[in-house]
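The following features are taken from TrEMBL:
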BINDING   GLN131, CYS132, GLN133, PRO263, TYR264, GLY265, GLY266, MET267, GLU268, ARG560, MET561, LYS562  peptide binding site
BINDING   HIS292, HIS296, GLU315  Zn(2+) binding site
ACT_SITE  GLU293  active site, proton acceptor
ACT_SITE  TYR380  active site, proton donor
DOMAIN    460-604  domain 'Peptidase M1 leukotriene A4 hydrolase/aminopeptidase C-terminal'
Amino acid sequence: MSDPCSFSSFSTCLTKHLNLQLHVDFDRHVIRGKVQLTVEALEDRFSVLTLDSRDLNVSSVSVNQQTAHYELGPKHSFKGTPLVITLPFDLSRGQQVIVEVTYETSPSAFALQWLTPEQTAGKKQPYLFSQCQAHHCRSMIPCQDTPSIKHTYYAQVSVPKQLVAVMSAVRDGQEVDPQDTGRIVYRFRQPVAMPSYLIAIVVGALESREIGPRSRVWSEMEFVDKAASEFSETETMLKTAEDLAGPYVWGQYDVLVLPPSFPYGGMENPCLTFATPTLLAGDKSLSGVIAHEISHSWTGNLVTNRTWEHFWLNEGHTVYLERMIGRRMEGEQFRQFKAIGGWKDLQDSVNTFGANNPLTNLVPSLQEVNPDDAFSSVPYEKGFALLYHLEELMGGPEVFMGFVKSYIQRFAYSSVTTDDWKNYLFTYFKDKVDILNKVDWNGWMFTPGMPPVKPQYDTTLADACIALTQRWIKAKDQDLNVFSQSDVKTLSSHQLIEFLSLLLQEEPLPLSHVKRMQEVYDLNASTNSEIRFRWLRLCVRCQWEEAVPLALKMATEQGRMKFTRPLFREVFNFEKYREEAVRVFLAHRAAMHPVTSGLVAKDLKVDASSTGDR
């Protein structure tokens, strides 16, 4: 077996444990590291170990404390550089050795974002956070950077004493750094085996508040109390998830609210979910992100896709579980409504990629494809749609959730492929194999574009959104005075988001219409980022020039790719402001996360190499 996104072969050896000693250097924007990997041979006469690395400066390698020969292979465009270590002796199958690598990261390491004090909420202290998914851990630690391999880890992290370090692990004490009294060493342990992409580190002026018996929320002082109230339902969601999927095995479940440049809505790092501050809108409609990250504790972290080609196993099941939590907490109509919104997100992704693009396959080939370029709502929503379709065929939500729970228990602590999942599905439903055999598996898994079946979702909560959308589409200029604030009075924020999403699927409205919509609904005043994002896209698409600076402001004052990329694309497509979109991007790119800036550069057709992008 191999992984097209990794140089390390997982058929010849496995990493069982990492022991990390990290020294965080804010002046030079590097981490000085020493990692001890406990490696087990899977074959006799094992003598050469290949690790993934990217832009690491390796200074020494030893094996069981004997100096070992190593060399760095040729550099690959996104996989980095293989670190090839020749062991001083051969191993027999089952034998373990400790491989120690001393190294330093590059200031432009893809996994790490170094923020100046000005880029934080507090404006006084610098900040560091990591984002290793999908294949960026190798720029922070030399390792077998593939989701097929799971290991435990311990870490000791030395940071300036005015800062706090947290990791995707259980906190295990702290002490003054014996080498430097101006620094503190924080200790961590992660006793549950997990893939390298879930290793995470944050260093900053952090504070925490307790939000439940096994949960704290962490952030800068400026956000911490708001975050504590925003995520107060965390324990209820955890209990609901345990009820559906089995025991929570990770001990602590903390939430960390990052500075605005964090590129994702959330990241399911074990014991420490990362969350975007765009969630802090005082609006419970945003709890879906936390339900999603909580669900990953089972689907993704406990049962993991073996390679990124099987990413839908992580994300499709997590969306399914997240919506089952929503069903328990808000009712079945709510789950159906969220599924309708998800189908629209899927249509958006298929339209953006193109309906014949193989990256819209549920199981794409990633041979020589950067997994960052393949990232979209396809694995999430096409994956969910398949599971929902099977739920309908197999006997409803209770029956199918029984399968999902059984699948999680069967493959807990391991990494799986789509075939493993499908074989288990056929085993579990052995009395319904004739129905399963009628599913168009090739159409679902290996065919680009929209799925072969569109599920019939209950539209009860969507009907009001559809009706209001139709009224706006059909209205002539002389009809605009019939609209009033009362149109949206009874709509939830979820429904308002859906209304705007529906309008974005239609031909652009006349400018007179969006101006009237602002008069009666005052959407410019919304602090809910999901509403604001769709509203600004709609305004720019209808060529309302006053919205352009607002759209570019939202695209740059936070860095969540879900918002930043479409907003930039929308302005770029408005011919008159195309150059302005590029100018604003170039002015802000240095403050952006490297993954975000690289993808926006592609969207805006800016040559990444000529502008110092990494």
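The count begins at 1 with the first shown residue.
For all residues, glycine too, the Cβ spot is worked out from N, Cα and C.
Note: TrEMBL annotation is automatic and uncurated.
Sequence-distant contacts (6 or more apart, same chain, Cβ under 8 Å) of GLU315 (Zn(2+) binding site) comprise GLY300, PRO379, TYR380, GLY383. Only HIS292, GLU293, from the recorded positions HIS292, GLU293, HIS296, place their Cα within 10 Å of the Cα belonging to GLY266 (peptide binding site). Using CA atoms as reference points, the binding-site residues GLN131, GLN133, TYR264, GLU268, MET561 were checked against HIS292 (Zn(2+) binding site), and the closest is GLU268. Other than HIS292, HIS296, GLU315, the residues of this chain whose Cβ falls within 8 Å of the Cβ centroid of the Zn(2+) site are, in sequence order, GLU268, GLU293, SER295, THR299, GLY300, ASN314, THR318, VAL319, LEU321, GLU322, TYR380. Looking at the residues that bind peptide per the record, GLN131, CYS132, GLN133, PRO263, TYR264, GLY265, GLY266, MET267, GLU268, ARG560, MET561, LYS562, the two CA atoms farthest apart are separated by 18 Å. Just so you know, the Cβ of GLU268 (peptide binding site) picks up 23 other Cβ atoms within 10 Å once every protein chain is counted. Rounded to a whole value, the Cα-Cα separation of TYR264 (peptide binding site) and GLU293 (active site, proton acceptor) is 11 Å. A straight line from the CA of GLN131 (peptide binding site) to the CA of the residue listed as 'active site, proton acceptor' spans 15 Å. Cβ neighbour count for the residue listed as 'active site, proton acceptor': 25 (other Cβ atoms within 10 Å of its Cβ, all protein chains included). Of the recorded residues, HIS296 (Zn(2+) binding site) and GLU268 (peptide binding site) place their C-alpha atoms 6 Å from one another. Between the CA atoms of GLU268 (peptide binding site) and GLU293 (active site, proton acceptor) there is a gap of 5 Å. If you take the Cα of GLU293 (active site, proton acceptor) and the Cα of MET561 (peptide binding site), they are about 17 angstrom apart, rounded to a whole number. Remark: MET561 (peptide binding site) has PRO263, TYR264, VAL595, THR596, LEU599 as non-local neighbours, by Cβ distance under 8 Å and separation of at least 6 in sequence. Residue environment of GLN131 (peptide binding site) contains 24 other Cβ atoms, counted within 10 Å of its Cβ in all protein chains.
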